[in-house]
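Asker: First, the structure itself, so that you have it in front of you.
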Amino acid sequence: MATSVSSDVSSNRSWFTPLRLLVLFCVIHLLNYMDRGVISSNGVNGIPKTCSADGTCTSGSGIQGQFKLNNFEDGILSSAFMVGLLLACPIFASLSKRINPFRLIGVGLSVWTLAVIGCGFSFNFWSIVVCRMIVGVGEASFISLAAPFIYDNAPAHKRTSWIAILYMCMPTGYAIGYLYGGFVGERLGWRYAFWGEAILMFPFAIFGFVVKPLQYKGSPSRETVNAPLPVDTATSLVKDLKTKDGTSHKDLRENNSEDSSSNSTPPFLKDLKALLVDKVFVVNVLGFVVYTFVIGAYSYWGPKAGYSIYQMKNADMIFGGITVVCGIIGTVSGGYALDYLGTTISNAFKLLSSTTFIGAAFCFGAFCFKNMYAFLVFFSVGELLLFATQGPVNFVCLHCVTPNLRPLSMAMSTVAIHIFGDVPSSPLVGVLEDHLNNWRKTTLILTTIFFPAAIIWFIGVFFDDVNVEDVQQGTVNESRANEVSAQV
């Protein structure tokens, strides 16, 4: 019997190895973030119509030119997909307890593909805003559910570096989006850039439905849940239910019955409360929110700021190149550094606070230079250090909670960093620039916000590490034993 079950599992997952899973998720993550870079690129986003003092006007280009958007509306466009993302992330995390998370990822990618096609067919500002919101719904499934799969399947001594490799695709995808959007948008038109993305994602959406799905660590298969417990195992479990203070399994059963009748709180709210009272999770996410506020505005306004301050002729290409190189080296280096130092909560916060503080100092100094080449050197070093946070910050989100809370931890982290971070930052920076009309001052003010993030993360250095997997295993064993006692 055992041999038969083993062979069935092997055949069901013949496609799967941990490395293949990492590569698959990296490509999907790359495409998700490429879309964000595309809509920020000058080739797709474009420039508005401008008129000089003598009445000479130049026609705009791209989305901003065709739909006649001001900077505030353009900032809203960049953040519109976040509305769908924020609403859908907790929903997908909650559904993952009842529906296979791998299938949910397939559903999300299908929605994403259709919505991106819709972006290409949009006919005014509000039509493309709605499509961007639906893009966020599709992306939410992957953002919430992918990282726990990597954490579960990565070699124990390489967990942070594998997580870092996954999140390396964020800046890399953004940068590729800059390059791709600039190239396709200028040659074929901004609509074709969106349609090309949909073609690239379509095979992965189908893959999520046709392959045998994976399960999270500790998630029993339907057959395991329904299978009867062997008599000898049941007897052994019941005998072990005698507690140290002499409480019998009958007493435990009565207590459990009382607890279940008195506790009517919905499971989602109970899980959410567990996250909100976890000081490690709260400090980690607070720092991440402040950090993301600046990074989000950098990502969206960077090419325009560079073009304005330094008269960069190929701002998309320059910022894209810096982001690719620094994103790859910085993110992977941060993951490997934490694996080398030891994957503890304290070490993770040490890396987060130090790299953010030093990186912010370099970026601030960069915008003080009038020479473009001096700016590029300092900004590159700053970006490299800032991207080193990606592995540690997501490691903390996954490591500080029990396995059953990991999807919700990633979902709520995503909700927080976007709703308080890069969603408001893009339009707010647009308003600030409209008021100052000086991109150098705007970027210097924006960069100073990195320093509070470093201070918040420094608080986490003093937190102790907890082996949450042991806690989760104990909870599962106790629950299973109580079920047996109830049956007996």
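Cβ from N, Cα, C; glycine included.
Just so you know, TrEMBL annotations are computer predictions that nobody has curated.
From a predicted model like this one, the values you see are computed outputs, not experimental measurements.
Pasting the relevant annotations from TrEMBL:
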- 246-256: compositional bias 'Basic and acidic residues' (COMPBIAS)
- 21-472: domain 'Major facilitator superfamily (MFS) profile' (DOMAIN)
- 246-265: region 'Disordered' (REGION)
- 15-34: transmembrane segment (TRANSMEM)
- 76-95: transmembrane segment (TRANSMEM)
- 102-123: transmembrane segment (TRANSMEM)
- 129-150: transmembrane segment (TRANSMEM)
- 162-180: transmembrane segment (TRANSMEM)
- 192-211: transmembrane segment (TRANSMEM)
- 280-301: transmembrane segment (TRANSMEM)
- 317-337: transmembrane segment (TRANSMEM)
- 444-463: transmembrane segment (TRANSMEM)
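For the listed features, I'd like the structural context: burial, neighbours, distances.
Answerer: Model confidence over the domain 'Major facilitator superfamily (MFS) profile' (21-472) stands at 84, taken as the mean pLDDT rounded to a whole number.
Counting residues 6+ beyond its ends, the transmembrane segment (102-123) has Cβ neighbours under 8 Å at 28, 32, 35, 88, 92, 95-96, 130-132, 134-135, 137-142, 145-146, 149, 191-195, 197-198, 201-202, 204-209, 211, 213-215 in the same chain.
Distant neighbours of the transmembrane segment (162-180): 22, 25-27, 29-41, 146-147, 150-151, 154-155, 193, 196, 299, 303, 316-317, 319-324, 326-328, 330-332, 334-336, 387, 390-391, 394-395, 398; these residues of the same chain sit at least 6 beyond its ends, with a Cβ under 8 Å from one of its Cβ atoms.
Under 8 Å from some Cβ of the transmembrane segment (280-301) lie the Cβ atoms of residues 36-37, 40, 75, 78, 174, 323, 345, 349, 352-353, 356, 386, 389, 393, 396-397, 400-401, 409, 412-413, 416-418, 420-426, 428-430, 433, 446-447, 449-450, 452-454, 456-457, 459-460, 463, all in the same chain and six or more residues away from its ends.
Here the transmembrane segment (317-337) has long-range neighbours at 37, 160-165, 167-168, 170-172, 174-179, 182, 299, 302-303, 306, 351, 355, 376, 379-380, 383-392, 395, meaning same-chain residues at least 6 beyond its ends whose C-beta is under 8 angstroms from one of its own.
If one looks beyond the transmembrane segment (444-463) by at least 6 residues along the same chain, the residues whose Cβ comes under 8 Å of a Cβ in the stretch are 279-280, 283-284, 286-288, 290-291, 293-294, 297-298, 345-346, 348-350, 352-354, 356-357, 359-360, 363-364, 367-368, 386, 396, 425, 429, 432.
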Asker: In the same chain, which residue numbers or ranges, 6 or more beyond the ends of the transmembrane segment (129-150), come under 8 angstroms Cβ to Cβ?
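Answerer: Contacts of the transmembrane segment (129-150) (Cβ under 8 Å, skipping residues fewer than 6 from its ends): 21-22, 25, 28-29, 32, 35, 39, 76-77, 80-93, 96, 101-102, 104-105, 107-116, 118-119, 122, 162-163, 166, 214, 216-217, 394, 397-398, 403, 406-408, 410-411, 414.
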